[in-house]
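According to TrEMBL, the protein has these features:
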- 9-274: domain 'NADH:quinone oxidoreductase/Mrp antiporter transmembrane' (DOMAIN)
- 276-329: domain 'NADH dehydrogenase subunit 2 C-terminal' (DOMAIN)
- 12-30: transmembrane segment (TRANSMEM)
- 42-61: transmembrane segment (TRANSMEM)
- 81-101: transmembrane segment (TRANSMEM)
- 138-157: transmembrane segment (TRANSMEM)
- 164-182: transmembrane segment (TRANSMEM)
- 188-208: transmembrane segment (TRANSMEM)
- 228-247: transmembrane segment (TRANSMEM)
- 267-290: transmembrane segment (TRANSMEM)
- 311-331: transmembrane segment (TRANSMEM)
Amino acid sequence: LGTTITISSNHWVMAWTGLEINTLAILPLISKSHHPRAIEAATKYFLTQAAASALVLFSSMTNAWHTGQWDITQLTHPTSSLILTSAIAMKLGLVPFHFWFPEVLQGSPLTTGLLLSTIMKLPPITLLYMTSPSLNPTLLTTLAILSTALGGWMGLNQTQVRKILAFSSISHLGWMAIIIIYNPKLTLLNFYLYAMMTATIFLTLNSIKVLKLSTLMTAWTKVPAMNAMLLLTLLSLAGLPPLTGFLPKWLIIQELTKQDMAPAATLISLLSLLSLFFYLRLAYCTTITLPPHTTNHMKQWRTNKSTSITIAILTTMSVMLLPISPMILTIV
């Protein structure tokens, strides 16, 4: 409901209401397990989102004060635009407002982590989409390049799968932020494909009950076929050519080059190699390697044989959408 209200509103106060409903709705899901880590994650999430929502309201009030109207698409005051960009960067977890996101994802169950990485990112991205003509290109490009760099850099030394996926999300948000002024529809395409691939990975990990790299190493004995598909989905998320994830990266680089931003395109492409390293490490742990020592992980000798049709459909789309990309582009 919160997402729907924000997406369909024209008035800033209604958009703010939708964001608040969203925040309050996800908190019980994060703190459901009553574990201290989960309660800590819920508190961090609440404080960050409340501060960001207050900034959204402040920027819209400043804009209304100067222009006399509350329409979302008429954000013409420069200061309001800067404050709004900062507020949405905080809501999304863009660098330098990213510190809460890995911690919150680490304290949440995998299904809630999936909601945090996908559905909860949609309302702020929609607000950016609607205000894109009046945003500051320099600020957004800086935030985007920093996010791609930090998302890749900080994901390198992680052993917790949820934290790795959190830094992966920050890196992908950088790709979305850099193009939103020049081609907002491309940002939405990137977001939809990212949400699909992330959903596949979270649901697969939830199905095979994996939270750490060491557990991932022993998971291949349970469901070898699903692990092989997880390998392909991870490589797709990294953006390797024959797979779906290559499509948004390719189009974004092409659009940046058209806008005479070849240096930015080169830099963001090189920085995504950092992310590629930890995706490859995840992929390596998934199927290719065996743990070098006896693991303490309890192996499930009686495995759950029921496979989910949702995972099958999502995996297929995450890996094989590239051939029909011309059709997707005509729809977009």
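Think of each number as a place in line: the chain as shown, counted from 1.
In case you wondered, yes, glycine gets a Cβ from its N, Cα and C as well.
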If one takes Cβ-Cβ under 8 Å and requires six or more residues beyond its ends, the residues near the transmembrane segment (164-182) are 89, 92-95, 98, 101-102, 105-106, 113, 117, 121, 125, 128-129, 132-133, 135, 137, 140-141, 143-152, 154-155, 158, 190-191, 194, 198, 201-202, 237, 248-249, 252, 255-256, 259, 264, 268, 272, 274-275, 278-279, 282
Which one, 42-61, 267-290, 311-331, has the most C-beta pairs under 8 Å toward the transmembrane segment (228-247)?
-> 311-331
Most CB pairs under 8 Å with the transmembrane segment (138-157): which of 12-30, 188-208, 267-290, 311-331?
-> 267-290
Mean pLDDT, the domain 'NADH dehydrogenase subunit 2 C-terminal' (276-329)?
-> 77
Please indicate, using numbers and ranges, the residues of the same chain that are 6 or more beyond the transmembrane segment (311-331) and have a C-beta under 8 Å from a C-beta there.
-> 189, 193, 196-197, 199-200, 203-204, 207, 226, 229, 232-233, 236-237, 241-247, 251
